[in-house]
Amino acid sequence: MSSIDHILEQAVAGNRISVEDCVRLYESDQIEKMGHAANLIMLKHHPDPITTFVIGRNVNYTNICDVYCRFCAFYRAPGSKEGYVLSDETIFQKIQETLDVRGTEILMQGGTNPDLPFTYYTNLLREIKKRFNITMHSFSPAEIMKMKEVSGGLTLEEVIRELHAAGLDSLPGGGAEILDDRTRRKISRLKGSWRDWMDVMETAHRIGMHSTATMVIGFGETFEERALHLLRVRDGQDLCIANGWNTPGFLAFISWTFQPDNTNMKGEKQTPEAYLKNLAISRIMLDNIPNFQSSWVTMGPEVGKQSLHYGCNDFGSTMIEENVVSAAGTTHKVNISSTLQLIREAGKIPATRNTKYEILHVFDDVNAKVEHDFVMQN
Ligand code: SF4
């Protein structure tokens, strides 16, 4: 029996794997075995053959950013003629359009715009909640850190509490990239340390909010740095569970690969196999996170289908806008009908869910027409 077999057997039996074991998996090319183990672990969390997705919209409210990540093709520097901040009316219209197609979630994300005061966010959230019944799964840790900076002396906890009180329901885990400072210094020096990212998440969990965690591979990080990323997410979730905070903490984990086109960073595009391997290893390592999202927006629908056999139980969001990824040259258009089709082709039953991963509607009748279909716009 090879040591890879032993590591996988241990993981499937419910025993935690170490950073060293995790590195061994990255060094191995036995991807199918890892996928099989990841699938068995996924089935423990989700025994039914259902793959969920959420109908949501990504609203990129501003592209002005003073963090200048080297891999980002979306941002414009403060003062740029191409910089924008969407008007409140435009944002409201996008939310209404989302509700019109039975959407339940708004993923508002933008640059870290130094010209927006903290009251911009709290007022906007209040106005949104006054008008709409929609879940705000918005603002990644880098934006929260910027809000703290412009807030005039509020603590991180006070910032997150005020946002939560104004209507922020959940935090997306964007900007984790690789949670290790050597890589972060190389690719996004001004974005803060891995500890900053985790502090935002742990603070949100402590006050009862839930969130997601992400990972992006392909920046030249070592296998050990990838393993440390996973360990830090697992530890963050352990902390939440051990303290009995009133939240599921990290509800989901989402990984994808760096897309080098149109960015200031050269790099080799990661293969679909590298994505699937990372996905399987993540599912194996992160025994305390229930949901794994497929990244079909970045990896394409076919790899998306395969990912459902490598540990994913969720097909992410049928996003209407995805400017950050599409600015780097990768946009895969998928509407609700094709989302259903892809999930079925993978041998699963599609179902819509909300941001808490509670199932809303199971599409178990293959002949039923989709009443509210829509086509993505970019
Ligand atoms: S990835 Fe986010 S924080 Fe980095 S430059 Fe782009 S918009 Fe700014």
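Glycine is treated like the rest: Cβ placed from N, Cα and C.
Residues or ranges marked as domain 'Radical SAM core' by TrEMBL: 51-290.
Summarising the annotation, TrEMBL assigns [4Fe-4S] cluster binding site to Cys65, Cys69, Cys72. Listed in sequence order, Cys72, Phe74, Tyr75, Arg76, Ala77, Gly110, Gly111, Thr112, Asn113 are the same-chain residues six or more apart from Cys65 ([4Fe-4S] cluster binding site) with CB atoms under 8 A from its CB.
The [4Fe-4S] cluster site, placed at the center of the C-beta atoms of Cys65, Cys69, Cys72, has further neighbours from the same chain whose C-beta lies within 8 angstroms: Val67, Tyr68, Phe71, Phe74, Tyr75, Gly111, Ser188, Lys191. A 10 Å cutoff on Cβ-Cβ distances gives Cys69 ([4Fe-4S] cluster binding site) a total of 22 other Cβ atoms nearby, all chains included. Here the Cβ of Cys72 ([4Fe-4S] cluster binding site) has 21 other Cβ atoms within 10 Å, regardless of which shown protein chain they belong to.
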